[in-house]
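What follows is a single structure, written as structure tokens, with notes after it.
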Amino acid sequence: MYALEFKFMRVYNSKNYTKRTVELFRFTIQCNSSPSEGSSCDLSTSLLESVVISMNVSKKGFHRELIYNIQYDPTPQDVRVLLIQRVPSGMYMDAYQLASLREDTGLQVLLDSKVDLEAPAYVSPGFSAFIYLTSDPVSSGHLQTRVPIHGRYHRPSSTIRGWETVEIDYPRLMIRTEGCETLLPSPPHTIVEASCTFDNLNTCSWLEIRRSQALDPVSLKLPVGGFSDVVPVCAGTLLVTLLCSCLLSGAIWKYGVFEPL
Amino acid sequence: MEYILSKLMRFSVLFSVAFGIRLLFVGFGIYQDRTMVVKYTDIDYHVFTDASRFVVQGSSPYNRSTYRYTPLLAWMLTPNILLTPHFGKLLFVTCDVLSGFLMYRILILRGLTDVAACRFCALWLLNPLPIGVSSRGNAESVLAVLVLGTLLCLEWKRLIIAALLYGLAVHVKIYPVTCALPIALSLRRQRKRDGSNDGLLTMMLRLFSKDLILFAAVAGAVLAGLTWTFYCMYGWDFLHETYLYHLTRRDIRHNFSPYFYMLYLTAESNWSPVLGLAVFLPQGLLLLLASLAFHTDLAFCFFLHTAIFVSFNKVCTSQYFLWYLCFLPLVLPRLTLSVRRGLGLLVLWFTGQALWLAPAYYLEFEELNTFVLIWLAGLFFLLINTVMLTQIMSHYQPTTTEPTKKIT
């Protein structure tokens, strides 16, 4: 039995700053059946079993970094990993910063929609980021990447000033090996069609690693204002601006030259 | 030391040194960008370059999010794509030195000697703030040239060029529009008067002098022409990003404005329009009053105007300070402040910024909830600016002779 899921995605290629619409068909197979046609090359069960991902947040305040560490048993195969990270409305990634990092460090991240860099959390939708990692022959068995992420301003708390907690779920983890065109699903893992590389030119089959236990989201805190401040703040602001306006008007009146029109 | 200073204050030496320093900084910026994690180039410069790339490709510069400037800027910087990515920085530092030259000409017109004019220009030309801002690729110097050019042409009575520059300046950044009233009043003032008391109708008619109508027609035509052309080319995006965004801007993120925390807390409240008016009223009234009081001395009036506008604005970031600092060298020669008091005010101004920057840093990078401290620092900074402006007004020696000279 097949469960088919089609999804149309628009992917913004931050490298060229241009919108390129590609169709990413997600073809999810949820049972043991497998396509019979095409040459296949299996990812070894031991490799799949060994994949472990950890996600951490470094830095404080509004400008953070997501650090992903992926460990697996060293293999001679050229392993490619794709992380699909759901970014909640309280956070954003800056496509232009990612493009600059692409130049400097080779970071490969695509965003699935145009992201407003300035809007507050309460008017922003979330979005997904596609993070591509390629195995390095030197450090086989370990992949690490750091992706900058920023906090949005949140709606002030209804009581006193405090902190808003934003939770970032673990990304979906996909794996494939270079030169392997057809993958066989090995339950509980499923096959997903997604763009092969950061270049976003053609699609490949990826094996999504399903974990039996969901990992706890990473949470971070962002300062928010408090509505309990609203009366003193409005009164104070208007009083001080009124005072300054009076001082300045007084000076203008005293030292200015007023002529009849 | 005295010898070196006197040599440096020669026109050719000063301007060459100023340009050389800027070129050095541009060169250093290229080196830092290539080798260090912290980049020298301003983020806005990348925005301009990206927008130029779109223009070269034949599409709209507004495809680049956060591009909120005139398409002229993206057009001007097309050599960034076609020639060298550093073209824009070279253009901006050249404009920076050119604004120094315009200051020099205005100071000479205001009766200063060559050496004295150079000394006051040096406060701009050798000032690390404009050097840093222009060599990092910020376009403020282009606007400084347009506004100072308008001022110089007005003092020269070259009304058509002044109006062209002014129309362009308002198109590039909307804020010089506040200077329209003092310009209008100054143009009215230059009409001959016979000393008799006029009736209301004559007074009203006097407001509409030939000079004023000419100025308004040319500046209006430039502004309307550019607006219409770009609206036809880029549609609503252009109107929204270039003009409307700046008028309706409700940036709730922390900034130097005294209103920041109040606007953040009330962003979604029903009181928002009322507060918007309460925020606009003092700014508007002060600008009106300053226009009526100081239009006889346009340089001083422009300085006060922009300083008041920036201090009382809903949004204020540090680059806004340059808007009025470019008029400061024109005002300083007529200030009778003692050096001690002047330096005291300068220290106070920087202290005000430091007091704001500290809690802002802790909010942004250290997760501390410093909203109230930032708000208090913003209010304190407004008080400091008020004290500075009142001190400047009280120690300003208005010209006793007619400041405008007609050149033939």
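If you go along the chain as it appears here, the first residue is 1 and each next one adds 1.
For all residues, glycine too, the Cβ spot is worked out from N, Cα and C.
Because TrEMBL annotations are produced automatically, they should be read as predictions rather than curated entries.
According to TrEMBL, the protein has these features:
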{"type": "TRANSMEM", "residues": "B:12-31", "note": "transmembrane segment"}
{"type": "TRANSMEM", "residues": "B:72-95", "note": "transmembrane segment"}
{"type": "TRANSMEM", "residues": "B:107-126", "note": "transmembrane segment"}
{"type": "TRANSMEM", "residues": "B:159-185", "note": "transmembrane segment"}
{"type": "TRANSMEM", "residues": "B:212-236", "note": "transmembrane segment"}
{"type": "TRANSMEM", "residues": "B:344-362", "note": "transmembrane segment"}
{"type": "TRANSMEM", "residues": "B:368-389", "note": "transmembrane segment"}
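When each of B:12-31, B:72-95, B:159-185, B:344-362, B:368-389 is checked for Cβ pairs under 8 Å to the transmembrane segment (B:212-236), B:159-185 comes out on top. Nonlocal intrachain contacts for the transmembrane segment (B:159-185), taken as residues 6+ away from its ends with a CB within less than 8 angstroms of a stretch CB, comprise 69-70, 72-73, 142-143, 146-147, 149-150, 153, 207, 211-212, 214-223, 226-227, 242-243, 246-247, 287-288, 290-292, 294-295, 298, 301-302, 305-306, 309, 323. Same-chain residues lying 6+ beyond the ends of the transmembrane segment (B:12-31) with a Cβ under 8 Å from its Cβ atoms: 40-41, 86, 89-90, 93-94, 96-97, 100-101, 118, 121-122, 125-126, 131-132, 134-137.
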